[in-house]
Amino acid sequence: MSASGAVQPGHPGAAVGPSPAAAASPATGPLFRPLSAEDEEQQPTEIESLCMNCYRNGTTRLLLTKIPFFREIIVSSFSCEHCGWNNTEIQSAGRIQDQGVRYTLTVRSQEDMNREVVKTDSATTRIPELDFEIPAFSQKGALTTVEGLISRAISGLEQDQPTRRAVEGAIAERIDEFIGKLKDLKQMASPFTLVIDDPSGNSFVENPHAPQKDNALVITYYDRTPQQAEMLGLQAEAPEEKAEEEDLRNEVLQFNTNCPECNAPAQTNMKLVQIPHFKEVIIMATNCENCGHRTNEVKSGGAVEPLGTRITLHITDPSDMTRDLLKSETCSVEIPELEFELGMAVLGGKFTTLEGLLKDIRELVTKNPFTLGDSSNPDQSEKLQEFSQKLGQIIEGKMKAHFIMNDPAGNSYLQNVYAPEDDPEMKVERYKRTFDQNEELGLNDMKTEGYEAGLAPQR
């Protein structure tokens, strides 16, 4: 369809049937042949179809051809012998390409004006020097030349000029002035730039120097925008949603295990918890439905700290028993007033209160099977009872004492009720570990840098 607003050929449903001449010459060889005047076998297919101008039957000719250094196209030409109406257009015979294409041609000579151009329906044509643009889908596709594109634009602008001159003389005068500029381009009054931008990737501008490089032509391939994909009738690909990172802080994980008491199948719950003003820890709790045994354990969620930690709390008030406490597996506990020390790994890791830990210590000591029964040492039993009583007094707030947590790994914690201010009754010390402490933590022989060089076995 031309720029003058000509009507396109009849719809496929309006076709009557192929002419006898077309039926008598069956196609041989490739379906799409290179466009050549010397190829006698390359004959168009003729179809009788409805003229949309006079509504009588005209003839549509279809030519399946291949543009050199480009791709296959279908050239369609319609003519009506009754009213004289004719129209020519092209359609791409291939699929929409993966990328859009933009041709930028600097026209300097008549040779450039004669370059072959394939312009599809979806292509936008621009001449920046004149601030002129032919929008996409405003014209049907065409197989023409650069000069033909300009002539087509001139015809479209001249179409309604007589009416404009009678109704809007000022606008018609400005359009006449612009038409004059387009005609000057045809006469090569000055060089200009022609830009053909096709999101479908199926437009083409000839390179007369092919396969050598064309210095006057710049070809740019680009990814279509969602708006361009929608314009072409393609389903715009939704942007890939970033997979949400699994937030374990708000989820309790469960896995099967065996009860440490009766060895029956049990379930262990595990949850990641953020301790305020400290770090993340992993709390695991096991509940056996068979024997009723319950246990919980805390694992550090981080690495071994560069320095060890010693926390000293002076217990002066019963409210101290409510302080949250994290005791890691590597933490030892001391109560100097009771001459008591609980070694590393005893009771395992725990996240509880100070009262809860002291009760666990009392239960651990008083229920020791070697201190009970007839065979127990009376002096030892008496000392344990005295220890239990004094520990009970500390729990009840009747006895002041110092509670010391010493963790070489630096992964234990005791709540500061005055946070973020300093606690006057609590002292936190950071210290450098000794060789023996590093040995217990397995750090002395650990190589964290340059370990790749020592992987090969030495012989």
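Even glycines carry a Cβ here, placed using N, Cα and C.
Your range for region 'Disordered', going by Swiss-Prot and the list 313-333, 355-375, 439-459, is 439-459. Looking at the stretches 1-43, 173-215, 388-430, the one that Swiss-Prot records under the feature region 'Disordered' is 1-43. Residue counts for the zinc finger (51-83) under DSSP, helix first, then strand, then coil, are 0 helix, 18 strand, 15 coil. The DSSP breakdown of the zinc finger (259-291), given as helix, strand and coil counts, is 0 helix, 18 strand, 15 coil.
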